[in-house]
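Student: Below is the structure I would like to discuss, written out as structure tokens.
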Amino acid sequence: MISLGCPVCQAPLATAEDGRQLRCEAGHSFDRARQGYWNLLLPQRKKSKDPGDNSEMIQARRRFLDAGFYWLIAERLTQILLEELKNTPQPELLDLGCGEGYYTTQIEEAFSTAGLNAAIAGLDISRHAIKAACRRSENIDWLVGTGADLPILPGSLDAMTLMFSRVMPEPMARALKPGGLLLVIWPGPEHLIELRELIYDEVRKREFNPEADLVPLFEPVRTESLEFQFEVDGGEALSDLLLMTPHGHRIRQETRDRILAHTSLECSADIRFGLYRRA
Ligand SMILES: C[S@@+](CC[C@H](N)C(=O)[O-])C[C@H]1O[C@@H](n2cnc3c(N)ncnc32)[C@H](O)[C@@H]1O
Ligand SMILES: [Zn+2]
């Protein structure tokens, strides 16, 4: 297990009661959920009753990812991590904003296959996401928590991945070891351009880049691009793609119907992989 910190008092958390409870020296305790995850999100840290992605979005993303449309992203992600961490003994890695755990599971499987012993955890604020993630793998520590206040022992992580999720520089830096690796993955300007052209009258091609937010807590190492084409059949796959992207949430019913009338859609993927080291 990765090194956890008590969400109340930040002291180290240790497993007790036959692995069914986490407890700190001050006596704060957290029970393991029936599905196997740990709920480390304090009620007062929730901004809503049911924060994060809802069940419908999670199921849509799961079906879409399981259909393999983004396996090239998973492949490149795991190649980078194995290359960067192959000489680190028993690395501790957190996938922050892990969603329903598709990529986290690919990471765990890649490390196992390579014979590398790593402690891997996935954290998300959505309990729907983490419940779904529990069904993917028992070799990963699944955590409900917030990236704004990570329940991780400060300076303990060797690596963190942040995929299509919000950058929170201070808590991310606090959880990593000095020199620890941060891999941020975000959509480039051409990502899903065909879909966005169907949704918006004018498509904005603004390039997001987390570097300005990350420096000086992190030192940039390099950025890579991955571009590929994929074809989505009309019907469920296209509807799932709409549901899992932020674009799909903003559209009117008539636009949605018009898009879903397509029998298939050729899509561009344009993905950026940014590597940083904690300064
Ligand atoms: C676009 S999804 C990406 C999920 C996953 N990384 C993937 O690529 O499949 C963003 C995720 O961030 C989660 N999230 C939003 N705010 C968060 C926070 N403050 N802390 C942790 N996770 C958060 C959402 O619940 C959602 O699962
Ligand atoms: Zn405590």
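Every residue gets a Cβ built from N, Cα and C, even glycine.
Taken from TrEMBL, the feature Zn(2+) binding site covers Cys6, Cys9, Cys24, His28. What TrEMBL lists as S-adenosyl-L-methionine binding site is Tyr70, Glu100, Gly101, His191. Annotation comment: TrEMBL describes 6-49 as domain '23S rRNA (guanine(745)-N(1))-methyltransferase N-terminal'. If you look up TrEMBL, you'll see 94-180 marked as domain 'Methyltransferase'.
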Student: If one measures from the C-alpha of Cys24 (Zn(2+) binding site) to the C-alpha of Gly101 (S-adenosyl-L-methionine binding site), what distance in angstrom results, rounded to a whole number?
Tutor: 27
Student: State the non-local partners of the domain '23S rRNA (guanine(745)-N(1))-methyltransferase N-terminal' (6-49) in its own chain: residues 6+ outside its ends, Cβ under 8 Å from one of its Cβ atoms.
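Tutor: Residues packing against the domain '23S rRNA (guanine(745)-N(1))-methyltransferase N-terminal' (6-49) from afar: 125, 127, 130-131, 133-135, 138, 141-146, 148-149, 151, 153-154.
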Student: Here's one to test understanding: among the binding-site residues Cys6, Cys9, His28, whose C-alpha is closest in space to the C-alpha of Tyr70 (S-adenosyl-L-methionine binding site)?
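Tutor: Nearest candidate: Cys6.
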Student: In whole Å, how far does the CA atom of Glu100 (S-adenosyl-L-methionine binding site) lie from that of Cys6 (Zn(2+) binding site)?
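Tutor: Spelling it out, the Cα of Glu100 (S-adenosyl-L-methionine binding site) and the Cα of Cys6 (Zn(2+) binding site) are 24 Å apart.
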Student: Compute all pairwise C-alpha distances among Tyr70, Glu100, Gly101, His191, the residues listed as binding S-adenosyl-L-methionine, and give the largest one in whole angstrom.
Tutor: 22
Student: Between the binding-site residues His28, His191, where is the Cβ count within 10 Å the lowest?
Tutor: His28
Student: Listed binding-site residues: Cys6, Tyr70, Glu100, Gly101, His191. Which have a CB under 6 angstroms from an atom of ligand 2?
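Tutor: Those binding-site residues that pass the cut-off, since their Cβ is under 6 Å from ligand 2, are Cys6.
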